[in-house]
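Peer 1: To start, I am sharing the structure in question, which I have written as structure tokens.
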Amino acid sequence: MSNLLALVVGFVIVIGHLGILVNGLGVNWGTMATHKLPPKTVVQMLKDNNINKVKLFDADETTMGALAGSGLEVMVAIPNDQLKVMTSYDRAKDWVRKNVTRYNFDGGVNITFVAVGNEPFLKSYNGSFINLTFPALANIQNALNEAGLGNSVKATVPLNADVYDSPASNPVPSAGRFRPDIIGQMTQIVDFLGKNNAPITINIYPFLSLYGNDDFPLNYAFFDGAEPINDNGIDYTNVFDANFDTLVSSLKAVGHGDMPIIVGEVGWPTEGDKHANAGSAYRFYNGLLPRLGTNKGTPLRPTYIEVYLFGLLDEDAKSIAPGPFERHWGIFKFDGQPKFPIDLSGQGQSKFLIGAQNVPYLPNKWCTFNPEAKDLTKLAANIDYACTFSDCTALGYGSSCNTLDANGNASYAFNMFFQVKNQDESACYFQGLATITTQNISQGQCNFPIQIVASSASSFSCSSYSLVVLIVWFLLSGMMF
């Protein structure tokens, strides 16, 4: 009996250590980075943290190979720049054959969804994909059906929350409607999803309600005590619930009030704005996850919600056009190490996730401002050059390195460039303004990182990154080829 008791206690301890993930919780795995972790390392990290659902932004062959046999549920994706091609049914069938059917075997990849585009109706795209998205969606789902996969793999379109809104005269969730300029396309999409028993996918970002809007009530972006907004007797105490239910009302208005909804992206960045930091991210997730863990839902959908957190890792090669925070959505740093306590079980415990194992780093070398430099007239131009080719978003207002002095700013910029260039000695010259040191030059909360050894499987290679930023640099400098 004592042996049995010990076995039971040991089992309970193991289960307690591993944790039980919030039902239906997944993560977005983006790969827009100059130095990527090996895909197999990332897959193991997901498994170590009991994350069993992952949403991709493509169907990269190396990534898919790493996912094979893992048992993880996978949402593969067709990027926006391929939507026009997918309006051809033959091309759609070929894509399904190469990226879905190919992995449909025991020990293959457990593909459950195909994301057709990513936020294709964003206003910033100026309508580029409005008339391509529905034909692409229909062709992909029909190709899945023809391949005999339609019951287990569903096509969906991840949409930004700007596809719906409430009128300024009645800004409450119950008045939610799809945007007038895309109501026709949205009705087509929703009707088609309904016929194929597929969900609609929406990306909700409470952080963006705060960003650049000092009039937005800060607490309303979180889950812990905002002044409620009343909508016909329903109190909304946070923008996530209000946003989600605005979609529910929009769906109801076009005859699909019961359509399943996936939250394709939701998260909080940790750098690049005064509200983007680890403390705020902890507060946000510590409010969101316990709600999901109890299947609390929202006032109009008071049940289970399928959610994919955004994102898994920081991505230093993403565009910062939306804002400097765009490279810092990860719950893990670029090297797979956790940033802040987060309890994916929804139990509200203050514990760190398990980081990536056996990550290879470059040597302990930094590039710093040369205090003996004489000609400082070229300093500003060299800092601009370094930041064009690397990620200096931590230097921005409200960010972790915002308090550095002029020399510190130069050192940070030079070091980020040096690391992106794999610590090549020629990348720490800057017309005599920089020098290499083996002393860690981090200051306070401002970390001067050492880059990881880039995965040989990286599809977004440093050389391709350099080509892109070189073109940008020439354009910024007004130079001609």
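Glycine too: its Cβ is placed from the backbone N, Cα and C atoms.
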Peer 1: CYS428 has a disulfide partner in Swiss-Prot; which of CYS367, CYS387 is it?
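Peer 2: That record, Swiss-Prot, gives the partner as CYS367.
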Peer 1: Which residues does CYS428 (disulfide bond) neighbour through Cβ under 8 Å, counting only same-chain ones at least six apart?
Peer 2: CYS367, PHE414, PHE418, ALA434, THR435, ILE436
Peer 1: Please name which of the recorded positions listed here, ASN99, GLU265, ASN409, ASN440, is nearest in space to ASN126 (N-linked glycosylation site), Cα against Cα.
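Peer 2: Out of the listed candidates, the nearest Cα belongs to GLU265.
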Peer 1: Which Cβ among the glycosylation sites (ASN110, ASN131, ASN409) has the fewest C-beta neighbours inside 10 Å?
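Peer 2: It is ASN131 that, of the glycosylation sites ASN110, ASN131, ASN409, has the fewest other Cβ atoms within 10 Å.
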Peer 1: Taking each of the active-site residues GLU119, GLU265 in turn and counting other Cβ atoms within 10 Å of its Cβ, which one has the fewest?
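Peer 2: Checked GLU119, GLU265; of these active-site residues, fewest Cβ neighbours within 10 Å: GLU119.
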Peer 1: If I restrict to non-local contacts, at least six residues apart, and a C-beta distance under 8 angstroms, what lies near ASN99 (N-linked glycosylation site) in its own chain?
Peer 2: ALA59, MET64, VAL76
Peer 1: Please report how many Å separate the Cα atom of ASN131 (N-linked glycosylation site) from that of ASN409 (N-linked glycosylation site), as a whole number.
Peer 2: 46
Peer 1: Restricting to the chain of SER455 (GPI-anchor amidated serine) and a gap of 6 or more, list residues whose Cβ falls under 8 Å of its Cβ, or answer none.
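Peer 2: The answer is HIS35, LYS36, LEU37, PRO38, PRO39.
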